[in-house]
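Data first, discussion second: the structure below is written as structure tokens.
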Amino acid sequence: LQTRLQAGQGYGNTLSCVLTVYRNESVAGFFKGMSFPLASIAVYSSVVFGVFSNTQRLLSQLRHGDPSHAPVLADMALASTVAGIISVGIGAPVELVKIRLQMQTQPYIEANIKLKPTVPGFSMYRGPVHCFRTVLEKEGIAGIYRGMGAMLLRDIPGYCSYFIPYTFFCGWITPDGCISPSPSSIWLAGGVAGAISWVIATPMDVVKSRLQADGVYLNKYKGTLDCILQSYQNEGLKVFFRGITVNAVRGFPTSSAMFLGYELSLKAMKRGQTETNP
């Protein structure tokens, strides 16, 4: 839904998008492009959380001489920035393939003239591997990383507003005297942080989605700035908030599960190390 609302044509609001996708593509339409993200999400999340935590520990070691020292705001912001930069290298190709698969049967309209009619049931890409190979052959490495600039502008502030609010909310709702937050505190803090992060990231997420969807049949945008200007000129400021409701609603449960899994895994590994090395 997010991609259709941000880069598609004629969907209107979220409910209209749901009904249109279901009417035209049945339930399968809601699961287009899922295989590639599902196959890579474990690696992607492990890298992002690993880079953030290890960068934070390194900064605490350099600043205080103790890697376990509670990080200051500046350290969390820098660690989040590094995690955002690293995430783009892994996430940009995955998101491009997902968006191309989701948007390949959508009509392209410019000045109310349909540039290329959509053939019902026609797909340019047979699957994620074919999509990746086709883009690589036709557009090269630059094509695989199309939208990378917009993704950097999305992920750097996005991860800052992801990890920092989580840390503060977790500390705020954890009772005094508790060594570590409870699973319910982690779940709630992670969900709130995820919703905040996606609300802040939505404007550049719209730009990224449009750049990555661009190129299925034609190249409309020359780059990030051109996409921003064209989108604003044609649709006004409100275009940068398309899909914000879907992003916020989706961000809560996914981030809750992500942080809960991460924290519980750390606790389990620390417990195992303690039992092995008393």
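Placed from the backbone N, Cα and C atoms, the Cβ positions cover glycine too.
What TrEMBL says about this one:
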type: REPEAT; residues: 1-58; note: repeat 'Solcar'
type: TRANSMEM; residues: 33-52; note: transmembrane segment
type: REPEAT; residues: 71-172; note: repeat 'Solcar'
type: TRANSMEM; residues: 72-94; note: transmembrane segment
type: TRANSMEM; residues: 156-174; note: transmembrane segment
type: REPEAT; residues: 181-268; note: repeat 'Solcar'
type: TRANSMEM; residues: 186-207; note: transmembrane segment
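Same-chain residues lying 6 or more positions outside the transmembrane segment (72-94) and placing a CB less than 8 Å from one of its CB atoms are 36-37, 40, 43-44, 47-49, 51-53, 55-56, 59-60, 63, 132, 144-148, 151-152, 155-160, 162-164, 167. A Cβ distance under 8 Å defines the sequence-distant neighbours of the transmembrane segment (186-207), meaning residues of its chain 6+ beyond its ends; these are 2, 6-7, 147, 150-151, 153-155, 157-159, 161-163, 165-166, 169-170, 173, 224, 227-228, 231, 239-244, 247-260, 263-264.
With DSSP states grouped into helix (H, G, I), strand (E, B) and coil, the repeat 'Solcar' (181-268) comes out at 73 helix, 0 strand, 15 coil. Residue counts for the repeat 'Solcar' (71-172) under DSSP, helix first, then strand, then coil, are 73 helix, 7 strand, 22 coil.
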